[in-house]
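In Swiss-Prot this protein carries:
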- 25, 64, 241, 242: Zn(2+) 1 binding site (BINDING)
- 64, 202, 242, 368: substrate binding site (BINDING)
- 202, 206, 368: Zn(2+) 2 binding site (BINDING)
């Protein structure tokens, strides 16, 4: 078996012990802090004695797909190409959903590990990620969302519902993430993969603030699985795709800037196009509202004028040109607009008011997407060495850290 693989200009030492990398969707660090203070997460509370706790930066836009793909490629979106759920294809003049693996421009560490002879398993909460994460992977790969459809030929495993002992969970539930962890435990104790990637959903974090009973219960559930993985002898590495913040005013009303309406009023209809890369089929989570937007300008709209106009709107943190955004956030130039707009910590960006259905938001809006959700945990159940070689820790360094930097 090959002991070293090279993927996207980085080298990875293949692990001799089962290694589990976990992406906890929407894991603002305060969730862990509050759960520890409430006595709900004893394993995480004791981890500093034998493990390592660090903080890193996620990719901006701080959304699920760009960050999960960055983690499994060990590279930013400028390398792998996935910079959101949607981009605007200038040639076809259509908004394109980027859930298909054909938009992925780089190999994954997972697929390369499998080629090197390792047994690799991937379990995701939502099926939208399975196709991307499992690209060219010969191993085990399935989602909790469609666990009832899992079969040996397509997913590399079977009878997963019976093995886990849970029904197929609702996509809008904490159970969807628990299914991921329970499935991971079943795989660890039976097939014992060399490497496992588990990716959850941020349903709980979108609805419940850190320290609330619901949030603490969710983290207590995860903590119990982390402990089980540890007891089974696995190397456990935990990070997040992004953080999470309230996006409301002082009395809980959503703070929304409808950029398309504002731009239409300033420049006229159809002179600009606002694209929200957070948009996905699961709008109950966030109403397709996040703190990152990209804007396409028609010829008649001067870029400098549009930048000044948008930057002058209260709640806008920054407006960047395409080249500035690509340099700062390492994004692919052909998949973002002329401008990138970032909302402040308490503000989300919408397109037009009539394009957003907020009826599913039964609690004060919580979302992500901006720089304000960039700080994420990097937690390991082992001591690490050689960290001086990192100028800046990123969530997509986690596989490198787990495989190459164990003491």
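Every residue number used here counts from 1 along the chain in the order it is shown.
Even glycines carry a Cβ here, placed using N, Cα and C.
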Message = Let's check the environment of residue 202 (substrate binding site): how many other CB atoms sit within 10 Å of its CB?
response = 26
Nearest recorded site to residue 25 (Zn(2+) 1 binding site) by CA-CA distance, among binding-site residues 202, 206, 368 = 202
Ask   = Closest to residue 206 (Zn(2+) 2 binding site): which of the binding-site residues 64, 241, 242, 368, going by Cα position?
value = 368
Note = Whole-number Å distance separating the Cα atoms of residue 241 (Zn(2+) 1 binding site) and residue 368 (substrate binding site) is 10
Message = Using the alpha carbons only, what distance in Å do you get between residue 368 (substrate binding site) and residue 242 (Zn(2+) 1 binding site) once rounded?
response = 7
Query = Given the substrate site residues 64, 202, 242, 368, which other residues of that chain have a Cβ within 8 Å of the mean position of their Cβ atoms, reported in sequence order?
reply = 25, 26, 62, 63, 67, 205, 240, 241, 243, 244, 369, 373
Message = Please report the distance from the Cα of residue 202 (substrate binding site) to the Cα of residue 242 (Zn(2+) 1 binding site), rounded to the nearest angstrom.
response = 10
Message = Give me the sequence-ordered set of same-chain residues, not including 25, 64, 241, 242, with a C-beta within 8 angstroms of the centroid of the Zn(2+) 1 site's C-beta atoms.
response = 23, 26, 58, 62, 63, 67, 68, 202, 240, 368
Key: Coarse DSSP state, helix versus strand versus coil, of residue 64 (Zn(2+) 1 binding site)   = helix
Ask   = Where does residue 206 (Zn(2+) 2 binding site) sit by DSSP, helix, strand or coil?
value = helix
Message = Highest Cβ count within 10 Å among the binding-site residues 25, 368: which residue is it?
response = 368
Task = State which of the following binding-site residues has the fewest other Cβ atoms within 10 Å around its Cβ: 206, 242.
result = 206
DSSP state at residue 241 (Zn(2+) 1 binding site), helix/strand/coil = coil
Task = Mind giving me a neighbour count for residue 64 (Zn(2+) 1 binding site)? Other Cβ atoms within 10 Å of its Cβ, every protein chain shown.
result = 27
